[in-house]
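Per TrEMBL, the features are as follows:
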type   : residues : note
SIGNAL : 1-20     : signal peptide
DOMAIN : 39-111   : domain 'SH3'
Amino acid sequence: MARLVLLFLPGLVAICAVHGIFMDRLGSKKLCADDECVYTISLARAQEDYNAPDCRFINVKKGQWIYVYSKLVKENEAGEFWAGSVYGNQSEDEMGTVGYFPSNLVQEQHVYQEATKEVPTTDIDFFCE
């Protein structure tokens, strides 16, 4: 499925086709270190393997390091998911790919900034290419 996206920059308008699909939202709010959710919250280590059930999630191997960027606010009976990307030599295929994983899968090793900003999620948070 292709969608047209308009980008407005001062003195420039760009139209580009985006291929992908908007998946169901896993939550309506997320906790971040800043209002734009661009700063790393923490560095965590995977305690077990995790196979992504769909394109919103990332595959994780036990022992891998994961940079955590946001934490979905748990709603109703939903699981608690965090968004991040794997880091390290054994994850070259996954490096740079941001996706969700269960929070109980990891143990935070170093907190860079506290996740104190509650921000609404958007459709793009659950977009898959």
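Backbone N, Cα and C atoms are what each Cβ position is placed from, and that goes for glycine too.
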Helix-strand-coil residue split for the domain 'SH3' (39-111), DSSP-based: 6 helix, 33 strand, 34 coil
Mean predicted confidence [pLDDT] for the domain 'SH3' (39-111): 88
